[in-house]
Amino acid sequence: MKTVSQLIDMKQKQTKISMVTAYDFPSAKQVEAAGIDMILVGDSLGMTVLGYESTVQVTLADMIHHGRAVRRGAPNTFVVVDMPIGAVGISMTQDLNHALKLYQETNANAIKAEGAHITPFIEKATAIGIPVVAHLGLTPQSVGVMGYKLQGATKEAAEQLILDAKNVEKAGAVALVLEAIPNDLAEEISKHLTIPVIGIGAGKGTDGQVLVYHDMLNYGIEHKAKFVKQFADFSVGVDGLKQYDQEVKSGAFPSEEYTYKKKIMNEVNNND
């Protein structure tokens, strides 16, 4: 399992860091078997796994439930679990209680929280021993306000993002996720920080990349963002389900190959 120090060392050696989301035991097992460096249990599970319209409906209980499953499936991978909407920003005491509950009950290596406004929370969480990954740029929990669009696209916005990135690092963040920002801006931020910067829709100038498992494998999704490359096609599973349906209806399944050979009814009838 990678440690924070090893991830920082990868950045220093210019070794790119791979990160993929996982939301359950089997997907986590696959990601670990592939040798991916980090797993993100993202609140994107609301759409990909639970069928919600957005991340807004995801609860702390949802994140704990799925985080536990992922840890069981990937015991040797660095796991980061998202703080869902409403878990940060109420009061510092409640925020820290939520963070501690999520961190302890999932046995994660770190938690992730969105936005530049959480800098005080990062400081306090770090002080009590909870590693925090920050998330800037497009923050899905705020799409109701900012929408799904490129962030940092003006001079003022870019300068603010650079400042925000420096501030979350200063507050103690162990890594930073940058989403949907210009490539050159992401590269500039990565150069300014000592912590690993993981990009999603932020070009190749970051220290690593993260993609959503279901997006990159075409698993039950209807829309892919511009920055998503499809690496496999899990939708072919539908063909297998159709074949199963046909074989059940025709009587072709189960054949002798898939049937126990033991005969028992003669013994039952002889006892009558």
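One-based numbering along the chain as shown.
Placement of Cβ uses the backbone N, Cα and C atoms for every residue, glycine included.
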Further 3-methyl-2-oxobutanoate ligand in Swiss-Prot, beside D43, S44, K112, within candidate set D9, D24, D82, D164: D82
Remaining residues near the recorded 3-methyl-2-oxobutanoate site, that is with C-beta within 8 Å of the centroid of the site residues D43, S44, D82, K112: L40, V41, G42, L45, T55, V58, M63, V81, M83, P84, P140
Alpha-carbon distance [E179 (active site, proton acceptor); E114 (Mg(2+) binding site)] in Å: 11
Whole-number Å value for how far E179 (active site, proton acceptor) lies from S44 (3-methyl-2-oxobutanoate binding site) (Cα to Cα): 13
